[in-house]
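**Q** Swiss-Prot lists H34 with the feature active site, proton donor. What Swiss-Prot lists as ATP binding site is 27-34, 147-150, A176, 184-187. Here Swiss-Prot flags Q58 as beta-alanine binding site. Residues or ranges marked as (R)-pantoate binding site by Swiss-Prot: Q58, Q153.
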Amino acid sequence: MRVLETIAVLREYRKSLKESVGFVPTMGALHRGHQSLIERSLKENSHTIVSVFVNPTQFGANEDFSAYPRPLEKDLALCEKLGVSAVFVPKVSEMYPYEIEQRLKLYAPTFLSHSLEGAVRHGHFDGVVQVVLRLFHLVNPTRAYFGKKDAQQLLIIEHLVKDLLLDIEIAPCEIARDSDHLALSSRNVYLNATERKQALAIPKALENIKQAIDKGEKACEKLKKLGLEILETLEVDYLEFCNHKLEPLKTIEPANTLVLVAARVGKTRLLDNLWV
């Protein structure tokens, strides 16, 4: 496995690859959710490149960039064990050669980025677009793999690829869950045992909503009430029913409905969703 620290080395390496290239962009602190993305890429491509880069432009004013976990040696060991071809680990100065005031400004599309997570984390998705577009330009993958857990991010990246006419296939990957059904997240490590049990209300609420839909309930207001009753012990930021343009729905639309939830358990903010 190659560890690529500079853009020049990455470009030289990329030129040597003649067959399909799968790409899994990450901020490190890899868990089994990331592992499932990597494993799918390994199955579907001749080569797999993983990036590990904690992107400063997607951190808000109240989010501590310096405190984000960076267990690089552990991440590299996992990638090597899985059979990854190369890991790109650039410094911030490599990815952003200019200071903020000199940088080309890129913005996520407003209709997808200003609600839900965008309403809470102002500018977050602009930062995501900044780094993902740079990584796509450098890696030039055949396919890129993103988890459905970050649904809003996934929709924005799919829109980005289509809008900028990029020849990259975006591969959405199912949400990876622990045995207790909690969605895998690097934030889960901040939960103590009591909070962990409380957090299980999130997947339970989504499962109960799914069961109600399967039984024929289509009214989003009724389904939302059902979910909020289960989430009542948590501090809920939102429980919303939207289509794939993130427009609010009153009635379930098969194959075009997202149920999105964000809730705080203690000091930890967790996301989960259901694709209907």
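Positions of Cβ are set from backbone N, Cα and C atoms, glycine also.
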**Q** Other Cβ atoms within 10 Å is the metric here; tell me which of the binding-site residues M27, L30, A176 scores highest.
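**A** Of M27, L30, A176, the one with the most crowded Cβ is L30.
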**Q** Give me the long-range Cβ neighbours of K148 (ATP binding site): same chain, 6+ apart, Cβ under 8 Å, in sequence order.
**A** L154, P172, C173, E174, I175, N273, W275
**Q** Rank the binding-site residues Q153, S186 by the number of other Cβ atoms within 10 Å of each Cβ, and give the residue at the low end.
**A** S186
**Q** Give me the count of other Cβ atoms within 10 A of the Cβ belonging to G33 (ATP binding site).
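**A** Other Cβ atoms found within 10 Å: 21.
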**Q** Fill in the CA-CA distance, L30 (ATP binding site) to Q58 (beta-alanine binding site), as an integer in Å.
**A** 18
**Q** From the Cα of H34 (active site, proton donor) across to the Cα of Q58 (beta-alanine binding site), what is the distance in angstrom?
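**A** Just about 19 Å between their Cα atoms.
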